[in-house]
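**Q** As listed in TrEMBL for this protein:
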BINDING   73, 106, 168  Zn(2+) 1 binding site
ACT_SITE  75  active site
BINDING   106, 141  Zn(2+) 2 binding site
ACT_SITE  140  active site, proton acceptor
DOMAIN    181-288  domain 'Peptidase M20 dimerisation'
């Protein structure tokens, strides 16, 4: 028979919280039900229309002490179902015990681990001086602007009196879980290139595409250097290097029209050991080197 914690996990995975239309209401109802079963106080904070942060609280014996916050998010990224072995929201478990579902690793597993840890501690009769809060936030996968970003500005967050917080984590293939006190910072950068438009039959000078070519080459050359640095030094882990991926490319209206503008978006993850001002200057240098009319902006 299946462990009840696994059954609960699979139930959570079956709730479709994928963007662009996540079923947040179903997720909040599920988590509120589990929290109530555990004897936790429940509070719902609607930070904006349709975006609710759920707070489950295990009161400590000395509530004047600063609290512990365990945070997780309820949303998941989109799926390309044709590439899946099993439907992404059925939480199929195979004969080896592997569970297939969107959110199984990022990060509904951790949400259930928090809840099950509290269940076991309560069953063992444990209590703690500090109050423990579990927060379940929306919209993390699209930047958190209508989730945690708005929540931390509200009085309900300040009332939690947080002294220590653990944020998003992932599944572990073993019984060992690593806790990181320094995390890579996500930079989402969009580079725009302006150039001369015209008919596709001519060799037009100063085009947006030529500039974009230089931009992409600069960014991807840096990507390759960091990839090789990680590969060549066994003492390094992924968290020690800067990862960079081009994730979106925009431009053009027709096959026979040279566009006046093109844009490329990059997902960059920067370790805490990197000088952020120096790295931004490097980005600016790449853009300047591509020519006039090349700008960048931050989306995260």
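Glycine too: its Cβ is placed from the backbone N, Cα and C atoms.
Let's see these features in context: how buried, what's close, how far.
**A** Residue 106 (Zn(2+) 1 binding site) falls within neither a helix nor a strand when secondary structure is assigned with DSSP, and so counts as coil. Sequence-distant contacts of residue 106 (Zn(2+) 1 binding site), defined by Cβ-Cβ distance under 8 angstroms and a gap of at least six in the same chain, are 76, 77, 168, 170.
Cβ-based neighbour count (10 Å, all protein chains) for residue 75 (active site) stands at 24.
In the shown protein chains, 20 other C-beta atoms lie within 10 A of the C-beta of residue 141 (Zn(2+) 2 binding site).
Secondary structure at residue 140 (active site, proton acceptor), as computed by DSSP, is helix. Neighbour density for residue 140 (active site, proton acceptor): within 10 A of its CB lie 22 other CB atoms from the protein chains shown.
Here the domain 'Peptidase M20 dimerisation' (181-288) has, by DSSP, the following mix of helix, strand and coil residues: 41 helix, 33 strand, 34 coil.
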**Q** What Cα-Cα separation, expressed in whole Å, is found between residue 140 (active site, proton acceptor) and residue 73 (Zn(2+) 1 binding site)?
**A** 6
**Q** With an 8 Å cut-off on Cβ-Cβ distance and a minimum sequence separation of at least 6, pull the same-chain contacts of residue 73 (Zn(2+) 1 binding site), or say none.
**A** 107, 136, 137, 138, 139, 140, 141, 144, 147, 168
